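For reference, the structure is listed below as structure tokens.
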Amino acid sequence: MLFLWLYMFYSCAGSCAGLATRGSPAPPRAAPPLPQLLPPAPGEPGEESSLEEQRAAPDAASPISSFFNGSGTKRLPQAIIIGVKKGGTRALLEFLRVHPDVRAVGAEPHFFDRNYERGLGWYRDLMPRTLEGQITMEKTPSYFVTKEAPARISSMSKGTKLIVVVRDPVTRAISDYTQTLSKKPDIPTFESLTFKNRTTGLIDTSWSAIQIGIYAKHLENWLLYFPIGQILFVSGERLISDPAGELGRVQDFLGLKRIITDKHFYFNKTKGFPCLKKAEGSSKPHCLGKTKGRTHPDIDQEVVQRLRDFYRPFNMKFYQMTGQDFGWD
């Protein structure tokens, strides 16, 4: 319909001009400029065509160009789920994508930890197109434990909103081990990897499955670059027991209307966690993949208790830093 209207408009413009001059030939008309479908790519880190200019310039496509390109403009993310591994980041992203004002990358870009040398132009090109008022997001859980990530994200935009999904660090470590075990069945036991010395009970904090759960230590690094109010901490446990409640907090944090509610979820007893009644772009129910909800191996309860004792002071400090008691003890 719009194309028909445009055709009639330009046809009329020529013919009406002819009528206005009573048959004299109309002067040649310049062709209308084509809408710009993509803004210029941002400069690489260190270039002076800087992100400051990009942020200052209007980045939203006009309604007519949005119509022609079908999906808007690619933008750097305004919000990032930065962690933690095996905390529930995939579930949170899938739930958020139900919201019409959230557009997110499905795969993990790993830009700020593994691909930073590719530059912000490469990173932005990975992003989905958005219309004005929509939020661009991505999630890469390893950012939370990457020392360089806070400074790099701050360099991109100091206003980036950050989301961390945290979970009982003992359960998280066991889940992490379970995932590795499914890929490498011949790895040592959880118990043997946990300790530097089983006799003395000294925990091996160099093992990533243990190290990731020392949330307070990692958070200190982020607070050097971002205020605590710019980071939302989502409970992985409540994401299972009350997904709509946690999603309500996330939507408020992102400045979105609370559209995702209880009506979007049902609890899958077999998997042990909530599923979407309708996923993004589908009319069918959707649960996370078969790799989610794996049965954990039986772990020696003495080892579990040793780990709980180890994490307790770090958990207490994390509660103080965030102002939230996650109830892990």
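Quick reminder: no glycine exception, Cβ is built from N, Cα and C everywhere.
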Candidate in C16, C275 joined to C287 through a disulfide, as TrEMBL lists it: C275
K86 (active site, for sulfotransferase activity) and C275 (disulfide bond), distance between Cα atoms, whole Å: 17
Between C287 (disulfide bond) and K86 (active site, for sulfotransferase activity): CA-CA distance (Å): 16
